[in-house]
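To keep things clear, I will list the structure first and then write my remarks on it.
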């Protein structure tokens, strides 16, 4: 634990977005709080952290990144290092490697736990961050009496960590980050603990009033809780509410209704985690859990109770162990795990079964997978585990316990109760457990008192086993505290629960013996009656007041003095005792009775008992006078006995007080003795240190002599160095100036006088007193900056004489690394500047030209006759597809497969060599094999013996292609026009020949020209590549269907007709449509035409079917007109068959085509 000299410790946890929040926090945090601040953030383990430097710029407190160990100091900030966790021990903070895998690390929780365990009351601050790290640690801080402050999640960049911390219900303050430092500083000022109330009646009275107030407000009594715990929790609330004394806090408690509930919650704070003590839980799993299953069958049940379960982690831990053991057995009994607590908020968390992801550090991956399901930043208990666990609100001190239990796990609850209340709780546990049941306690708890209830199974793990009572009966249920009872009452007398439904022969035999044997009572070492025979009731007479199980309180008044003395002999001397005759009324008649007390030892069991026998003697003479005399004498004797007993009890009380005072005095003497021993050790240590100091002084004197000799040698060396420096300064050709920290001249080289107006006598004068030839007005400011920042300054400065100087300033460092001024050098760089300027301009011009070429979209490249391509610009890459790396070094004629139309590449090279330039068309092949026609302009560049060729090209492939296509189109257009004119002339002649009148000719000819025009329009749109059959049909027929899709049905897969077939086919469709409009389906309102087509198996034959229906009856024509001829003869190579059926005309056309092209789907 930390000592009083240690500073208060503030742990600050942050994650995502934490750097900005930490900067804001330390911007507002006072630097004189005397606290040590420890910053824990999630860092990349493989990267260097700059967090310490960042925070150092935000506070005047020293900031240190913890790499190893460091003693915590007041008003210091300590920052976690990457890939390390922090631990506190004895006022020292240590950086340790993680034991967990990277994904399961929770450095904030680890540090907060360490702070609570090793230091005690501390301060936890949770800032912005993702995840739930810190949610478990803040509960440990709160249980240790610390304060928890959380950033308001509504303003946090990442609200997960603050919200998870708030969900634990232990946060004392939730504030914006800029307000947290002020509140923390106030808490640090008011952290003085409350004074102890021991020995101060006024404070004792206030404490009693506080506990009574809580009892009235909440219905729960804490008067018998450990005084130190109660005071620490009250002190923490007083610190939070900024009250200086217990009386001030009591006044605040009475004025604020909510404070009673807050104090009640403070009393109930407990920290629980999964497998909190791994060693103890391993012993439980190995030595206890298997025994719970032994002898159990499928119909049986295993019942376990965890009182004070808090948020349920321990309850689920027991459930996990039971389920794991059940999985290893063929027949498993029913598992029932009961968790109980007073805190409704904690029970709500337990029932939800949802815990932060930081439980990964407490559970193995196998258990996480089996018993938990990941939900974002939390884990939820799976149904298998949740179904065996039941949570209930229950007061261990007030409510009846669960019964017939196989095990009770009550860890770290008894430590908060005083000794008497601990004994009562242990008695309750003994009652609740079945004979041989197990009790699992915390590391600082024990079940040794009352004696005789439990035996130890594993002392280190605090595992105990219930000892069965005599006669195999259930143990006694102690009196329970009512809502307003204190715990000062003793347990009730033994009661006899209903016996077991089945008795063994041994039990039956024992009961028969009790009926015929003298009445008896079995008493344990603490004088507690643990069993009565059936006929012993006549000799019992409990006294009034609180019910007690003490044997001397249970028996009749006449027996108490003799019984107390006999029990003392039995347990202290191990002697059997037979009392003198005792006169007592039995069944209304006076009898002489005897008490016989015998020590009882059960084998190797160290627990001791005593058997009390009530032996009845003869009846006394019943004559009235004799009885009266005897009874009067007996009454006088009883009066005397009572007076003696009262005096003895008074003496006993005084002796007890004296013994307690003696023990306290002995304890004080022991403490004083220890202090004296400690002081003695300190004196001895001081004497040893003085002796050591004397020896050290002698050693130092010898070292000083050695140092003196070394200084003489160094002085000689310095003199030589000074001489060398003087010669160097005189010989150097660089102007150098030495200034002291006040910017006064220390020395300079001769060349400096050409720049500054100084002389040899000016040493010691400020440099600002002198003029110089430089356009450098900030010389003094730069010198001061060098001293302030300990960094170099370098400038190129122009002189007023037109020359340029390179000015360098550096700190002047002594041989022992102290700063003692500034060294400035002035190097003439005029010639270099001129050369650099000329080179810069040339380079800039060349770079601009090269850049223009490089970025040009026009292909430009350089090649020579021997070494291939030398340069290859972006335009060349885009045109030819070869990257720069692929082209450089390759012969141009091989890479591009250069062809010279009408000539050869050798002729081109010859012409280029003769004239120095060449222009014309070339054929180049791209990377993907495409042959391009380019216009090339080539120029020969002679550079000494080398001959470089600069070539620029322009792709004219498309232009050449369009030129060829244009000519082709002109030729095609001429051909089409001639053919079309021939068709039009033929149509005109035939139409004229078959027309009855000029109007009839005009109508027919105009319709046929329209059909011809529609076909030509489709061909023109497709650039005479063909016409899609469906589109052609719609253009010819839709006008006759009057827009009604039901009257015209087109069915067939997409087919493109060649141009030579499309034109006559359009005329055929036109003729069929005009005939249908006059005589067929289109002549009636309900007539329909169905035009369908399909391809043959060889895809070179197309069958088109025209079918009419719903029109007037038709008959074959008596003679064939021009329209019929046009239908049957227009399509060269086609087969046309017309059937004049009563339902309508059916025309089938079979076309033989060289190729049938496919388009997108078409269906009407």
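Positions of Cβ are set from backbone N, Cα and C atoms, glycine also.
The local packing around residue 15 (active site), expressed as other Cβ atoms within 10 Å of its Cβ over all shown chains, amounts to 23. Summarising the annotation, TrEMBL assigns active site to 15 (among others).
Look at TrEMBL and you will find 42 (among others) tagged as active site. For residue 42 (active site), the same-chain residues lying six or more positions away in sequence with a CB closer than 8 A to its CB are 15, 16, 18, 107, 129, 133.
Other Cβ atoms within 10 Å of the Cβ of residue 133 (active site) number 31 in total over all chains. According to TrEMBL, the feature active site maps to 133 (among others).
TrEMBL lists 634-728 with the feature coiled coil.
TrEMBL lists 3-184 with the feature domain 'CheB-type methylesterase'.
Residues or ranges marked as domain 'CheR-type methyltransferase' in TrEMBL: 207-446.
Looking just at the domain 'PAC' (791-841), the mean pLDDT is 86. Residues or ranges marked as domain 'PAC' by TrEMBL: 791-841.
Feature annotation from TrEMBL assigns domain 'PAS' to 845-915.
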